[in-house]
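Database features, via TrEMBL:
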- 123-398: domain 'NADH:quinone oxidoreductase/Mrp antiporter transmembrane' (DOMAIN)
- 29-51: transmembrane segment (TRANSMEM)
- 71-95: transmembrane segment (TRANSMEM)
- 107-124: transmembrane segment (TRANSMEM)
- 130-147: transmembrane segment (TRANSMEM)
- 159-179: transmembrane segment (TRANSMEM)
- 205-228: transmembrane segment (TRANSMEM)
- 240-261: transmembrane segment (TRANSMEM)
- 295-317: transmembrane segment (TRANSMEM)
- 323-343: transmembrane segment (TRANSMEM)
- 364-393: transmembrane segment (TRANSMEM)
- 399-421: transmembrane segment (TRANSMEM)
- 444-467: transmembrane segment (TRANSMEM)
Amino acid sequence: MIPEFSLIFSVLALGIVLAALLDRRFSYYVGVLVTAIVLTAVLSIVAYEYILGTGVITQTYAYIPQFGVHVSFIATPISTILLVMAAVVLFAAAISSGRENTNRGSTVLMLIFGLASLGLFSASNLIMFFVFWDVGVIAMFFMISYMGAANRRSAALKFLVYSLGASAALLLGIILIYFGTPVHSFNIAYIISHGGLIPMKMQELIFALLFIAFMIKMPIFPLHSWMADAYTESSTQGSMLISGVLSKFGAYGMLLLFLMLPLGAKYGVYVLALAAISSFYAVFVAINQSDMKRLISYISMLDMSIILVGIASATVIGRDGSLYGMLAHGLGIALLFLVAGSIEGMFGSRSLKFIRGVVEGSAATAYSFMLGIFSMTGVPLTVGFVADLLIFLGAFGAFGLYGLLPLGAILIAGGLFYLVVSRSLVNSREKADASYLPTAEQKIGYAILLLFIFIFGMFPFILLKIVSL
């Protein structure tokens, strides 16, 4: 047993208490310090698994042992990638919030959400998975409600209604899994190895319930209507966390669903069709958006649909690609929302009709947005390229040419982003006066996310070796 998980959750809990007690200025430093320690601890897990070649790290504490429920944390080859993604996005969100824009409430909620996300990705049983799922939802609801834009209350309410529906379906599915397994268990590893023994009719019901729950949280068409409002009305840091991390609650759950129930492979072609429809729907809706954050929201939905393609393939390479896609999406979408927040501060508007000549006001902001686009559309040397390559290799192997259809949506998105960049970011002929320039903290946030986008794009073997253990 190694102390990384004890350190991570103890530091997060202590940080929550300190941030609640200290004033605004010190709460900002608490958030930065705590998330830096968490990122260091997560990277040490990566180093441990990579150097020693061990694929599983666990820490377990008894909770309700009579029902096989333990507070148990595990770093598997699958969960490690998501732990890295969440830790990086949390650190970037904490440091980019800035001393002037941070208050105790925002720091406390961010750290609670961080605890929930890292807990969910490292949970070894479905009860702890569900508990952390709901804690993350509650924290994000309050982040949207109290720290968002003008329409934050209605956006938060819609988010909560959809989330309650997803939680109800998830809980019912978990209960059915417990009673359906030969030895009643919530243990994820046991369910993955024995899920095929669950009666077929019960498997079909479980699959339907969990698929709906995870569709909502990713989100995937047609259960996505909460997304644009929640992403747009959140604060910059809230948008980074809800799109970059919370959406992976659904994607990670979807991956576990296909691993737990062999029935998933039977429905793979239908899931591919749904993912393709969702990807084209997202990109065509994005074309009609004039609000920068709403445009990014639908591009986020496009990328989550591509991740579902990899999961639907039910192949090893497709699974690895979907995992890498979650990493790529988390880093890339967090960067785009961070830059969008900076641009809104510069021009006092998110409307693409009024944003002009960003490169003249802040070259770092303009070029960071462009590099984020490169990753989201799979340009070589970025983490997004590795993800898309693996996903579509897996999809082609499982579905033939039909598996490559969603590539068309990515190409359309690339063209859309070209227009945005040429008209709003690098168009110096129609320069609008910027009333504000991005802070040093925001630029550090850009740098952190870009660093990992290119490290994992140029050296993918670091994490892919762990996944193969």
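Note: Cβ is positioned from N, Cα and C throughout, glycine not excepted.
If you look at the transmembrane segment (323-343) against the transmembrane segment (71-95), you find at least three C-beta pairs under 8 angstroms, all six or more positions apart, and that counts as contact. Note on the transmembrane segment (29-51): residues 2, 4, 7-8, 11-12, 14-15, 18-19, 22, 57, 75, 77, 80, 83-84, 87-88, 90-91, 93-95, 97, 102, 107, 110-111, 114, 118, 462-463, 465-466, 469 of its chain, located 6 or more positions outside it, place their CB under 8 angstroms from a CB of the stretch.
The stretch in 130-147, 205-228, 240-261, 295-317 that contributes the largest number of Cβ pairs under 8 Å to the transmembrane segment (71-95) is 240-261. If one looks beyond the transmembrane segment (130-147) by at least 6 residues along the same chain, the residues whose Cβ comes under 8 Å of a Cβ in the stretch are 105-106, 109-110, 112-113, 115-117, 119-120, 123, 153, 155-156, 159-160, 163, 167, 170-171, 174, 230, 233-235, 237-238, 241-242, 246, 249.
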